[in-house]
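This report refers to the structure that appears directly beneath it.
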């Protein structure tokens, strides 16, 4: 089966084409709505790239150009040849708890919760509708970042706010990066020869956005991100957990409105807010040059991450593995070493040589009580697999 995976942003479309779990091509349409828009497609077998630079007025034109480049490359003659299209959807809200085939009711529900994820859901809807128009016979599937976390118990996802905020406004913890946490937990169970339904793990998805997830018997029981991706860990430009009273204080002191506060917390905080850098390669290079703010930022990041991992020991009856994934998780041996050494008393015994050399696989010592693994995330592949399964079973 040929499955196209789409991730539609407000001004971009990321796409990847799979056949029987093998990636054939990937690409990006960017700067949609601007004069200097561009589209690039890469044939992942030959390595050949196909590019166009022109003004792309909207997502519909972007999808038409994707179709043209596929035909030009010979990888796919027409989008109607696809067996299915899987769409990454950031937020499913309280009602869309499972991945599903698209119909009118699903589109209405994604739109209904768009106010909870205003930066993502409206763009996802445009992507789905554009694809339906471009290839009307191809089934579309929605894969929700929030779905994996729907197994959390109510005492884990509820906030101690007036209950009516939950009833009337759906204010609760939803969690994100679910597709990634689901994929790497299954991969880790396979690597360790465990049945996923009996596998307990803590998964750390560490990129510019970062979250941890407590997994019991293959299901999420808690995660660090909340109502939005702002809660939890210190991130590249996001503050993570803070005392909520800081916000009205700053609003009053600095005459800031809600939009100012939102921008400050999401785009000007995190490690960037502390040291002026959000790329950990730059932060670690600055530490080599004795930049104290860079050292502080790294220490804060690793401390918060260690605290979250440690707290999940309190809610899991047993921990089989700690999984590192995403850009920092897969590539930053300094972060992994600092966290695992801080948590050594809990049963983590990291092999520093393996940690420095490997970017995939087990990095704990043979006699480590808890296994430590690097598992590269493949969110698009997971979306393609889910899409294939739903179409086969429809």
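Backbone N, Cα and C define each Cβ position, glycine as well.
Non-local contacts of residue 145 (active site, proton donor/acceptor) by the CB criterion (under 8 A, 6+ apart in sequence, same chain) comprise 88, 89, 90, 91, 92, 176, 177, 178, 179. Among the features that Swiss-Prot reports, active site, proton donor/acceptor is placed at 145, with the record citing sequence analysis.
Note on residue 7 (Mg(2+) binding site): other Cβ atoms within 10 Å of its Cβ, all shown chains, come to 23. Marked as Mg(2+) binding site by Swiss-Prot: 7, 379.
Sequence annotations record features per position, and here Swiss-Prot assigns ATP binding site to 14, 205, 206, 207, 208, 209, 279, 280, 281, 327, 328, 329, 330, 331. For residue 328 (ATP binding site), the same-chain residues that are 6 or more apart in sequence and have a Cβ closer than 8 Å to its Cβ are 206, 207, 210, 280, 335. Secondary structure from DSSP puts residue 328 (ATP binding site) in a helix.
In the three-state DSSP assignment, the secondary structure recorded for residue 88 (substrate binding site) is strand. The substrate binding site annotation in Swiss-Prot covers 88, and the record cites sequence analysis as its basis.
When Cβ atoms from all protein chains are considered, those within 10 Å of residue 177 (site 'Transition state stabilizer') total 31, not counting its own. Among the features that Swiss-Prot reports, site 'Transition state stabilizer' is placed at 177 (among others), with the record citing sequence analysis.
A C-beta separation below 8 Å, combined with a sequence spacing of at least six in one chain, links residue 238 (site 'Transition state stabilizer') to 209, 229, 230, 265, 266, 269, 270. Sequence annotations record features per position, and here Swiss-Prot assigns site 'Transition state stabilizer' to 238 (among others).
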Residue 330 (ATP binding site) versus residue 7 (Mg(2+) binding site) - Cα distance in angstrom: 22
Nonlocal neighbours by CB distance (under 8 Å) for residue 330 (ATP binding site), same chain, sequence gap 6 or more: 324, 359, 360, 374, 376, 377
Spatial separation of residue 379 (Mg(2+) binding site) from residue 279 (ATP binding site) - C-alpha basis, Å: 21
Residue 281 (ATP binding site) in three-state DSSP notation: helix
Most Cβ neighbours inside 10 Å, all chains, among the binding-site residues 279, 379: 379
By Cα-Cα distance, the member of binding-site residues 14, 208, 281 nearest residue 379 (Mg(2+) binding site): 14
Assigned element (helix, strand, coil) containing residue 145 (active site, proton donor/acceptor), judged by DSSP: coil
